[in-house]
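Engineer: My questions all concern the structure below.
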Amino acid sequence: MARTKQTARKSTGGKAPRKQLATKAARKTPATGGVKKPHRYRPGTVALREIRKYQKSTELLIRKLPFQRLVREIAQDFKTDLRFQSQAVVALQEAAEAYLVGLFEDTNLCAITAKRVTIMPKDIQLARRIRGERA
């Protein structure tokens, strides 16, 4: 059927508004006794806000004590009773976080290249292989 162009027509009044029926009025009030639903942002809004927040910030994202325990645990395999200066642990943490951020940036690019927005283990493997870290 062919499309026809619609022209504006002048309104000639229309019907008067009717009174609400009792059933409609009862339906509009919440039946749960006025319990308000908690506000939820649309999917992705909070994620984008977090991305902007963490891109602006420079503080360390991994907690200091768990990272320190991990460093000491790994160092135990090489030599027992090793001591660390506090600045040494902070330097290791800075380097580790910088490495991880770079790896996740490359991983995200791999996912985007595959026309996806979700990163997968195969993206991390590809990013490391391209970097020459893993054959």
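Note that the numbers count up from 1, one per residue, in the order the chain is shown.
Heads up, the Cβ atoms here are built off N, Cα and C, so glycines get one too.
In case it helps, Swiss-Prot gives these features for our protein:
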- 1-40: region 'Disordered' (REGION)
- Lys5: site 'Not N6-acetylated' (SITE)
- Lys5: N6-methyllysine (MOD_RES)
- Lys10: N6-methyllysine (MOD_RES)
- Lys10: N6-acetyllysine (MOD_RES)
- Ser11: phosphoserine (MOD_RES)
- Thr12: phosphothreonine (MOD_RES)
- Lys15: site 'Not N6-methylated' (SITE)
- Lys15: N6-acetyllysine (MOD_RES)
- Lys19: site 'Not N6-methylated' (SITE)
- Lys19: N6-acetyllysine (MOD_RES)
- Lys24: site 'Not N6-methylated' (SITE)
- Lys24: N6-acetyllysine (MOD_RES)
- Lys28: N6-methyllysine (MOD_RES)
- Lys28: N6-acetyllysine (MOD_RES)
- Lys36: site 'Not N6-acetylated' (SITE)
- Lys36: N6-methyllysine (MOD_RES)
- Lys37: site 'Not N6-acetylated' (SITE)
- Lys37: N6-methyllysine (MOD_RES)
Engineer: Least buried of the recorded sites Lys5, Lys36, Lys37, going by other Cβ atoms within 10 Å?
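Structural biologist: Each of the recorded sites Lys5, Lys36, Lys37 was scored; lowest Cβ tally within 10 Å is Lys5.
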Engineer: What's the CA to CA span in angstrom from Lys5 (site 'Not N6-acetylated') over to Lys37 (site 'Not N6-acetylated')?
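Structural biologist: About 44 Å separate the Cα atoms of these two residues.
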